[in-house]
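Heads up: the structure comes next, in structure tokens.
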Amino acid sequence: MAWPLVGAFLCGHLLGFVCLSGLAVEVTVPTEPLSVPKGKTAELSCSYKTSVGDNFALEWSFVQPGKPISASVPVLYFTNGHLYPTGSKADRAILLHDPPTGGLATLKLTDLRPSDTGTYLCNVNNPPDFYTNGLGLINLTVLVPPSHPLCSQSGQTSVGGSAALGCRSSEGAPKPVYNWERLGSSPTPPPGSMVQDEVSGQLILTNLSLTSSGTYRCVASNQMGSASCELNLSVTDSSEGRVAGTLIGVLLGVLLLSVAAFCLIRFQKERKKEPKETYGGSDLREDATAPGVFEQASMRADHSKELLEKSPCASTMTTTKSKLSMVV
């Protein structure tokens, strides 16, 4: 019976020695995520248990959604009895209790922005209490109403075709839900011809008819509010389009023929007004005689003719002279 008592006594003393030589830091944070509207103030609760000494240090850091804890960036830290805010949130981050040496290390973040959404780490170090790292995690979501969505349209908007209407907000937390509705008193599309996805914001319209034309509205909503956009859908009949195309082609053909006929008639009228060409002395043909040669030949011909006309008189005079000589 003595040995169990001795064993219990020894174990108690050993446990006390371990506890005194180094206590485990215990950090407590809320287990539920925190959601706060944009522009408001968030209080991120953090408490701890340890025997605060000269080596006590506290650090708050931030991790963006989807990134590992190793990618955290400091928000503020307390060491050597002084508080040091740092980073892009330095002017909006303070401690609710300063100095945080009484077991409370709550972080107060003012004027919340969408970029503040993420995970916040409350880290307490108090050497020689190294048995745990004293880390607590808090998830913060900054609530933002949906921004004005953008409506878009794609597909074949003719009779019998299909069209896809899109709707998307650039901002909104939590993510908005999208709902499409048709405005006016137009008949409701047949079941199955109008399918929408509330998550992606897409509306699929199949087997379009002329009655599918109209105004469609998309409403993006979350717990912070709603916003909407509208789109006008115009369904055309392909047969009417072909008839219109044929008519336009015929009209263009008639117009071109009219222009061609007008130009031809005008050309003929202008041609009749032009004077007829006459032959000029300066114009030479390939088989024509040079002007100088023709004039010389003409002069010789005239001279010969003149001699022929005078030849009888000359002959008589010669004969008379000859007769007189003989008489002498």
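Cβ coordinates come from backbone N, Cα and C, glycine included.
Matching Swiss-Prot disulfide entries to the candidates Cys19, Cys46, Cys218 identifies the partner of Cys122 as Cys46. Looking up Cys218 in Swiss-Prot gives a disulphide bond whose other cysteine, out of Cys167, Cys263, is Cys167. According to DSSP, the domain 'Ig-like V-type' (25-138) comprises 6 helix, 52 strand, 56 coil. Taken together, the residues in the topological domain 'Cytoplasmic' (266-328) have a mean pLDDT of 51 on the 0 to 100 scale. When the C-alpha distances from Asn139 (N-linked glycosylation site) to the recorded positions Cys46, Asn207, Asn232 are tabulated, the minimum falls on Cys46. Checked against Asn207 (N-linked glycosylation site), the recorded positions Cys46, Cys122, Cys167, Cys218, Asn232 differ in C-alpha distance, with Asn232 being the nearest.
With Cys122 (disulfide bond) as the anchor, the candidate recorded positions are Cys167, Cys218, Asn232, and the one with the nearest CA is Cys167. Here the domain 'Ig-like C2-type' (145-234) is broken down by DSSP into helix, strand and coil counts: 3 helix, 46 strand, 41 coil. Distance between Cα atoms for Cys218 (disulfide bond) and Asn232 (N-linked glycosylation site): 12 Å, as a whole number.
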